[in-house]
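Student: Dropping a structure here in structure tokens format, bear with me for questions.
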């Protein structure tokens, strides 16, 4: 029987974000800048990562508490060896209705078919520019946008449902909004533009670098005829619109200008096995990995997860001001540990 639990602000638990690795083959400035994550950076050793059996056990217990959706994140999750084994395990859990994966897309041709065969049907590909030169300057690994576009074409050809995520930074890639909308509209692929967020400690975020949803919408309406789309479910993070001529949808994620804390239903497990109730968490998370490895039963694990959720009161984006950003900037968990 599924228990219905809510946090201190009355929010149910519906989603679990599982970070499977802290490693990535890109060095995007807003997530893992090369100046910090250089060639000598020490990533987590394998024994510090949760095993797939541990992740599946955690997911099963969370399903009994109301989780219906699981998203696999990183780092770059396709760098975790044998990820299809985890997908297959998660697909066998009663109550889990949807498994998604967020990736930079570079390794889709290498691993996509195995993941599809294991039961993965839905992926989000992070792609912050369609211009090759600009994209290379963003990822700092000399990877061309055309390379990722080819990987996306491959993913759709094997049956994966693909959405594209774009983090927009003022003066960096805001000129990519219109060409990317045009490209993916013609491909009938949903694209979502995300306001630049102050996740982690190393991305140099401030308000002046944010292109708000209203600014994006004004730009878009000068080039396309669109209609708004009603939200599909409680907790949907994107504001969706539909192109009038062919019905393809796109989304704007208002993580800064119009926060969605009040409907956030996500629990997050970092790559080092810690629970966090918020993407912008500052305190050190509860060490689920150590708790599991201490020999607890599933019932004890469930009671701990219940307690963690019931004391949750995170609403950082609701409270974000220049001062709170300054006060918390050096204390947040980095994005490569917790995913997006």
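Every residue, even glycine, has its Cβ placed from backbone N, Cα and C.
What you are looking at is a predicted structure, and each value in this text was computed from that prediction instead of being measured.
Feature table excerpt (Swiss-Prot):
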DOMAIN    8-227  domain 'Radical SAM core'
BINDING   17, 71, 102, 163, 266, 267, 268  GTP binding site
BINDING   24, 28, 31  [4Fe-4S] cluster 1 binding site
BINDING   30, 75, 126, 197  S-adenosyl-L-methionine binding site
BINDING   261, 264, 278  [4Fe-4S] cluster 2 binding site
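Where in this structure would I find these features, and how exposed are they?
Tutor: Predicted-model confidence for the domain 'Radical SAM core' (8-227) is 95, expressed as mean pLDDT.
Annotation note: residue 267 (GTP binding site) sits in a strand segment as assigned by DSSP. If you take the C-beta of residue 267 (GTP binding site) and look for same-chain residues 6 or more apart in sequence within under 8 angstroms, you find 13, 15, 16, 17, 62, 67, 275, 276, 277, 305, 308, 309.
Same-chain residues at least 6 positions away in sequence with a Cβ under 8 Å from that of residue 24 ([4Fe-4S] cluster 1 binding site) are, in sequence order, 31, 32, 37, 74, 75, 76, 79, 104, 336.
DSSP classifies residue 197 (S-adenosyl-L-methionine binding site) as coil under the three-state reduction.
Around residue 264 ([4Fe-4S] cluster 2 binding site), taking its Cβ as the centre, 23 other Cβ atoms fall within 10 Å, counting all chains.
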Student: Going by Cα-Cα distance, pick out whichever of the binding-site residues 28, 30, 126, 197, 261 is nearest to residue 163 (GTP binding site).
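Tutor: The smallest Cα gap between residue 163 (GTP binding site) and any of the binding-site residues is with 126.
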Student: CA-CA, which of the binding-site residues 28, 264, 268 lies nearest residue 197 (S-adenosyl-L-methionine binding site)?
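Tutor: Out of the listed candidates, the nearest Cα belongs to 28.
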Student: Take the C-alpha atoms of residue 71 (GTP binding site) and residue 126 (S-adenosyl-L-methionine binding site) and report the distance between them in angstrom, rounded.
Tutor: 14
Student: Taking only C-alpha atoms and a 10 A limit, tell me which of 28, 30, 126, 264, 278 are near residue 102 (GTP binding site). These are the binding-site residues.
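Tutor: For residue 102 (GTP binding site), the binding-site residues whose Cα atoms are within 10 Å come to 126.
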